[in-house]
Amino acid sequence: MGAGFGAGLGLALASSAFIGGSFVLKKKGLLRLCGRARAGQGGHAYLREWLWWAGLLCMGVGEAANFAAYAFAPATLVTPLGALSVLVSAVLSSIFLNEQLNVHGKIGCILSILGSTVMVIHAPQEEEVSSLDSMAEKLKDPGFIVFAVCVLVSSLLLIFVAGPRYGQSNVLVYVLVCSAIGSLSVSCVKGLGIALKELFSGKPVLKEPLGWVLLVCLVICISIQINYLNKALDIFSTSVVTPIYYVLFTTAVMTCSAILFKEWQHMVLDNVIGSISGFLTIVSGIFLLHAFRDMPFTPSLLPLFLQPARADPHPPWGTADRHQSCQHQPLLPSEDKGSQSAEEEEEEEK
């Protein structure tokens, strides 16, 4: 593991920690607005809360760290690790906001940590791309051109054909648009990160047209992502949109990164299996965190053998009754049996 890879990994983890903590800080600031106009009611009193501003600052620091991480580590590693921000937010919310983290959520946290660890161990090492010139060569690759054309054509079909027909009833329509366009935005971020590294090293990057083209493309891609992600969140539940968006977006980014940077070309089979297994484990954890977060899971719902010991209504095993089989037990109580025999005698007398 090189120094650049370690820096990218550290930045990705720091990004998840800052972004996850920002949600809790902003929520804490909003809860302090006792008697004042809340944000949900159109008020802006939260602008006078220092906790809300602290959360906004943490969000900015986290996004900046995430942006920088793409310049050092493979996108196949950085993007899946973004799921840890959900884990951090869930854990901190249960501690500082008294929000319930049920059994499903705790299992989801454990799975997310395990999956992230496996992905870090088996992360692919991308081809060396250290300048905008080498990035330009990558962008001219026929495989990436075919991939980009497929993404654009499918996105246009989803927006103008499938959207008006199925966008209000099928969650995949708008989420697929966000995920496909998002894969291109991550490539732009990767190129801009390389440009910034060259700029800080003293190279005349501002005169290179590729950097400006990547910046314009990034703004367009992010605008499309935000627009259609907001549409999906407005129509469907957050607990449904978030895990589906994470899975599709991460899959699209991993595919685009593998085609553009040839990250998987020199990987051995066990690293390929490890990376895929780690990703699927994170997906399972995110699904458990979101899909069941509003479901009350009490000990009474556990199987009987997992519940606390209760008073046994049956006689102890040490008594002689334990040797009596259920097949030898009378089917009716003695009183019922007596009343039944009396009825039979009356019928015989008649």
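Each residue, glycine too, has its Cβ placed from N, Cα and C.
Remember, TrEMBL labels are computer predictions, not curated facts.
The following features are taken from TrEMBL:
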- 313-350: region 'Disordered' (REGION)
- 50-70: transmembrane segment (TRANSMEM)
- 77-97: transmembrane segment (TRANSMEM)
- 103-123: transmembrane segment (TRANSMEM)
- 144-165: transmembrane segment (TRANSMEM)
- 171-189: transmembrane segment (TRANSMEM)
- 210-229: transmembrane segment (TRANSMEM)
- 235-260: transmembrane segment (TRANSMEM)
- 272-292: transmembrane segment (TRANSMEM)
Cβ contacts the transmembrane segment (272-292)/the transmembrane segment (50-70), at least three under 8 Å, sequence gap 6 or more: no
Selection from 77-97, 103-123, 235-260, the stretch that has most Cβ pairs under 8 A to the transmembrane segment (50-70): 77-97
Long-range Cβ neighbours of the transmembrane segment (77-97) (under 8 Å; 6 or more residues past either end): 8-9, 12-13, 15-17, 19-21, 23-24, 27-28, 31, 62, 66, 69-70, 105, 108-109, 112-113, 115-116, 119-120, 123-124, 186, 242, 246, 249-250, 253-254, 278-279, 282, 285-286, 289-290, 293
